[in-house]
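S.K.: Shown below is the structure under consideration.
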Amino acid sequence: MGKSSKDKRDLYYRRAKEEGWRARSAFKLLQLNEQFQLFKGVKRVVDLCAAPGSWSQVLSRELFENQKQEDAKIVSVDLQPMTPIDGVTTLQADITHPKTLQKILEIFGGEPADFVCSDGAPDVTGLHDLDEYIQAQLILSALQLTTCILKPGGAFVAKIFRGRDIDLLYSQLSYLFERVICAKPRSSRGTSLEAFIVCLGYKPREGWNPTLDLTKSTEEFFEGANIGRSDNLEHLDLPEDEERLIAKFVACGDLNDVDSDATYTLDTNFKKLALDPVQMPTAPPYKKALEMKRRGDLVRR
Ligand code: SAM
């Protein structure tokens, strides 16, 4: 989160800097928690796709500062490096790789997680169908890892985009959790298709022993659970009218709070009010270009 005119346009962005959050996404998790009390009784948490780390900051403040749980464990995983956060173990790793699960289990001393969250978003290619497919695969990978580590009764929250086949995902999730809700925090722009699936009360499938294996696709992984395949309706072992499920939609966050789609005007000289970033990016994509420019290797043709 940089120093830009966004301070003026987006009050959540500005407020995040004022309150010391690394990204405005912090408010999404805070508002989801307000609605669903996700952090209640939670000791071991996995934050998937966590960089730059605002969700991990929220988790760290909640478990260590508010709840004063000295023995709580938070593991945060991202492809990108993350600047350390108090009490949080950061792993620079791919959530789709089985070794990542092994590392998390080692940190938890073999104990299961109480709560897994994922705010994952892949780099967009601009090819709509491909982007939608990769996003869907990322959610399935997060869910896959979750089924291998979450305790019965535990909760899972993940970012989704309400695309064409989202009702199929709701249906699959309802086989694994007592309650599946589609939640839209007020800090998530109303104009975006972004929402969060909140899955409460994990109920492992009887007789299914989920194990991660590099040779298996996510579809093959879930085949054993008999909850249907994401890419092929014919494989769904469900009566036709139950193939798709409409999850309950819940808007969360204070309705009187600022509107994430509105543009606000700051009444004093904006330049003076622009705030420094809370955390400089650790590995921004433009870093290499800057280094090349400094060396004089970047030439205009
Ligand atoms: N929740 C974060 C926060 O509050 O700061 C923001 C997460 S950001 C929107 C999405 C992240 O997903 C990116 O940092 C990206 O590197 C990560 N990501 C995408 N694919 C991943 C993968 N396969 N494994 C791990 N991280 C991944």
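Along the chain as shown, residues are numbered 1 onward.
Using N, Cα and C of the backbone, Cβ positions are placed for all residues, glycine too.
The shown structure was predicted, so the numbers you read here are calculated from the model rather than taken from an experiment.
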S.K.: Which one of Asp10, Asp71, Asp78 goes with Gly53, Trp55, Asp94, Asp119 at the S-adenosyl-L-methionine site, as TrEMBL has it?
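M.R.: Looking at Asp10, Asp71, Asp78, the one TrEMBL places in the S-adenosyl-L-methionine site next to Gly53, Trp55, Asp94, Asp119 is Asp78.
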S.K.: Please name the residue among the binding-site residues Asp78, Asp94 whose C-beta has the most neighbouring C-beta atoms within 10 angstroms.
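M.R.: It comes out as Asp78.
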S.K.: Tell me which recorded positions (Asp78, Asp94, Asp119, Lys159) have a Cβ under 6 A from ligand 1; sequence order is fine.
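M.R.: Close enough to ligand 1 are Asp78, Asp94, Asp119.
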S.K.: Between Asp94 (S-adenosyl-L-methionine binding site) and Lys159 (active site, proton acceptor), what C-alpha distance do you get in Å?
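M.R.: About 17 Å separate the Cα atoms of these two residues.
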S.K.: What is the total of other Cβ atoms whose distance to the Cβ of Asp119 (S-adenosyl-L-methionine binding site) is within 10 Å?
M.R.: 22
